Amino acid sequence: MGRSGKLPSGVSAKLKRWKKGHSSDSNPAICRHRQAARSRFFSRPSGRSDLTVDAVKLHNELQSGSLRLGKSEAPETPMEEEAELVLTEKSSGTFLSGLSDCTNVTFSKVQRFWESNSAAHKEICAVLAAVTEVIRSQGGKETETEYFAALMTTMEAVESPESLAAVAYLLNLVLKRVPSPVLIKKFSDTSKAFMDIMSAQASSGSTSVLRWVLSCLATLLRKQDLEAWGYPVTLQVYHGLLSFTVHPKPKIRKAAQHGVCSVLKGSEFMFEKAPAHHPAAISTAKFCIQEIEKSGGSKEATTTLHMLTLLKDLLPCFPEGLVKSCSETLLRVMTLSHVLVTACAMQAFHSLFHARPGLSTLSAELNAQIITALYDYVPSENDLQPLLAWLKVMEKAHINLVRLQWDLGLGHLPRFFGTAVTCLLSPHSQVLTAATQSLKEILKECVAPHMADIGSVTSSASGPAQSVAKMFRAVEEGLTYKFHAAWSSVLQLLCVFFEACGRQAHPVMRKCLQSLCDLRLSPHFPHTAALDQAVGAAVTSMGPEVVLQAVPLEIDGSEETLDFPRSWLLPVIRDHVQETRLGFFTTYFLPLANTLKSKAMDLAQAGSTVESKIYDTLQWQMWTLLPGFCTRPTDVAISFKGLARTLGMAISERPDLRVTVCQALRTLITKGCQAEADRAEVSRFAKNFLPILFNLYGQPVAAGDTPAPRRAVLETIRTYLTITDTQLVNSLLEKASEKVLDPASSDFTRLSVLDLVVALAPCADEAAISKLYSTIRPYLESKAHGVQKKAYRVLEEVCASPQGPGALFVQSHLEDLKKTLLDSLRSTSSPAKRPRLKCLLHIVRKLSAEHKEFITALIPEVILCTKEVSVGARKNAFALLVEMGHAFLRFGSNQEEALQCYLVLIYPGLVGAVTMVSCSILALTHLLFEFKGLMGTSTVEQLLENVCLLLASRTRDVVKSALGFIKVAVTVMDVAHLAKHVQLVMEAIGKLSDDMRRHFRMKLRNLFTKFIRKFGFELVKRLLPEEYHRVLVNIRKAEARAKRHRALSQAAVEEEEEEEEEEEPAQGKGDSIEEILADSEDEEDNEEEERSRGKEQRKLARQRSRAWLKEGGGDEPLNFLDPKVAQRVLATQPGPGRGRKKDHGFKVSADGRLIIREEADGNKMEEEEGAKGEDEEMADPMEDVIIRNKKHQKLKHQKEAEEEELEIPPQYQAGGSGIHRPVAKKAMPGAEYKAKKAKGDVKKKGRPDPYAYIPLNRSKLNRRKKMKLQGQFKGLVKAARRGSQVGHKNRRKDRRP
């Protein structure tokens, strides 16, 4: 129990406080609700009005026409005439009547400000309304030029900062749309007005005026042509803008920097026939260098940081000489070892290289010099963020150097590889990832594209080849044991290296392959998959022949032991071999596989079953390499003839190899016969392979065997026929037709031969196809369903040919085909429907308008097929319906009328038999979805009305189809048109019988959900009977629940994205000119946010700007003249506290002894450490003392309350055996309800009623433990009964008088 009268800990801080002596006051200090109530009774508001004196003055002067733009001149330009016309008459409208109906789209954003409570927004609205009214009163057309003239005149008249900011904001909007000739003509007067305001407002407290004036000035300068930049006055105005890039106020500085970037990158003459550099680039660069040198050595380096931020965007815009000067300046300021300055300088270099500028900006020599200089600024491997930035900058620098001059760039890469590989020793995983990614990108971007030019890479090579060898040696060093923690990253690098350079550099990589194989054999090697991937990359690029020369298989069939330490190479080669010599398989693997097969057979005869199985598996693995060797081989024309006989024998005599060899043949034909000579060579052996494959396919599958080999044989036949000579195909087709007609052929043989005919038909000539058609025509009406289906499959393959003999046959026999298909309609079996519909689909695609009757005759059959059992038949039926619709669209000139004619042919099905009605609705549903853009509104509405009538059917099939149609209609129809029929649909659904409503409850629920989303809950509820209301309420609850869940999920996703953005390194602004010229028109809407965010950023900046100096080792003094002294300036706090270490529960003293304290002492130490951590961040010692005292007082009060409520548990915990056995009791479910001072359980507020619960436990399935559980359950039941009886007796006693 807590102390009487004392509030719980933490509650007192939430209560309302009052000053001493005012505890009895009852009148509230805040009375905004009373003031709001008074304003309803026509009293004057007590607060400050938004109508200022300046606004009234501005309005009066605009109305009187006394304001003019500049001196009175003769009306030489259209702009001056418009200005005079605008300001002559008085307005007769109200004060703000020109705001809501302003016709110029430039100010569409301002019209949204009217409802804002911001005084700045209301001032903008007032100024725009006044200017618009004056322009209208003068008969103006409200063009951008008229607004520009009126606003410039207004700017000279207003005095208060609020009005001036409003005018400048509107000018900023309108200047972007004013024609360039106008701004060029009025540049002198306009720029003078802006410069005067900038001078007057430079030291004022308000930032709004300067922000918008600077933006206006940047837009004005951007519109000037190249000739105007030759005048000194233009550069003088630009320098005025440039001087504000070092302004102490961030919003002004940001506006100026944005303006400078937009001028240098986005001036109008920089797009077409642009000069090499902007005329103002030189003076800008000199200004940046001067400002950095002026303030570079100061302690805070604020101006330096501002200039570096500007250089980050502008460095790629400068000429080469100034880029060199800026780079030297950046390198000089980096020697100051100021952490933030170094980071910003790195960002500037990154933006320079990332922009990939031309030679006029960055030459290859200068790029190389910068790379060399940056090696003096390599951060410490323990300094995480600076090292990540340095690696990224160097990656971009080398990629850009290779782009400019590849041989020079390759010469610089070995040094970077050596440095980056050293980074793999860093304890930070982020550094490992960044270094690995940088090296991989360089290999892909810089090395791989030039390997063909480099040629063979050997250990004695020179030039670029020598550089590649050095780079590989640097990566290969990562396989030594000191890099064992980074072996995963090293293997990734080797994988990319093999892919990029393996073909040319394999002489220097052989030793590495041997090391990899030895490493894989080491016990408990954890990176087997990555190593296999690296060796696989070597196989792909070098070829298996080179890899096996470096690391032989060591398998020859004469082994004394069965270890086979390098047998793991066979699966690796299988998965990665391609584009290699097919002859190598013939000369190396084929003889070895035969030797191992013989060895396996000998061992099997000798009774050594296990050894025989091992050798048999090895030879089978060697055969599985064949498909890879057949993938784009380099010597098909030379090597295939030596392999063809072996493959034929393997197919016919080795069932275990049949699938593999067939796959190899298919791969060779599809991926290895691109050259005509290769194609001819493989085609030459078709007369040998096809008869073997035909005979195999004709053999029945033995009992217990899988049909996979048979399918593989048929697929191989199809593939081989694509390159077979037509005469051979015709002869094979003729023999197959004879076999089909042979009465002695069994059903299995006839079906198998028909499968072969299906494969042969598309490759035969027209005469052979005509003869085949005569052969299969009687089978289209066969009563044997399998034969009939195969006959239709033959016809389908012939009709599917888009060109060639098949297309010619269809064109010449079209009438005969139509007659045959219509005559065989009634005799078509269900299995034959799928190929028949497919055949009709291909024929309908080729029909013209005169064949309209044929399509009309097909419609009833196709509609009924939408309910076929076969999924394929249903799909083909729907596809054919859509194709018929497209045919009608081809036939007619008006698409809507043509589609209506097609639908009229389907409508009669709605009044036929039940099955026909259901199928017709399904067909109309599919057509509605497919042709929703072509159906007229009246057609869709008519369909919907008819389907609603069919909802009254007593057949579930019809109702199901009708509900499906309504669901599609709701999705497809426009809300405005659907709204007319909501009542009709709801009434039809409301009249459904109870049985229908119960059966289709899920469909109805989905339908109601769609209607509620479109028309609202109340309307749907009003239109439906009361028995549906409960469902509707549940739907509304489910929708609200889903909406809340989506909102929470979205918030979580956004939070994760924000965290990821915070974790990402800082990047420069967008590279595109569109981002630079994007409107920066957001006013002070987010000032409060920025202000609060600014405090956090300043706190973070103080932390980030801190630097730590790493001392020398031992008593050795730190040498500040050492060129690598910059590496000792760390942005990350050094020492053991930075790493994530294991907490053993005890503090350790400086000499390594454990410090064991009581818990209270530990809390005290934590408090002192927490206070100490805060001390380091406090600037004022007195402020620190106050904060610490307050903190200790608060902790003291909390501690006192906790000591009264909690009792410290003993430190000793039982364990071990004997008297030290575990004594903790198991937590029993429901134990928290047990009464402390009585028997039984008690109810607790906010918790469910007491319960007895036996948890499910898998161990209770044990027979012995099951009996124990039964006893436990019986005890619970008895206790419950006993408690019930006691309670019953007590209630009876209470009822007695």
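Note: Cβ is positioned from N, Cα and C throughout, glycine not excepted.
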Candidate annotated in Swiss-Prot as phosphoserine, out of S26, S203, S1072: S1072
Candidate annotated as phosphothreonine in Swiss-Prot, where the set is T88, T106, T190, T245: T88
S43, S49, S137, S829 - residue that Swiss-Prot labels as phosphoserine: S49
Annotated residue, SUMO1 cross-link, per Swiss-Prot; candidates K71, K1110, K1147, K1265: K71
Neighbourhood of S1049 (phosphoserine) by C-beta distance under 8 A, where only residues 6 or more apart in the same chain count: none
Surrounding residues of the transmembrane segment (903-923) on its own chain - C-beta under 8 Å, 6+ positions past either end: 856, 859-860, 862-864, 866-867, 878, 881, 939, 943, 946-947, 950, 953, 955, 957-958, 960-962, 964-965
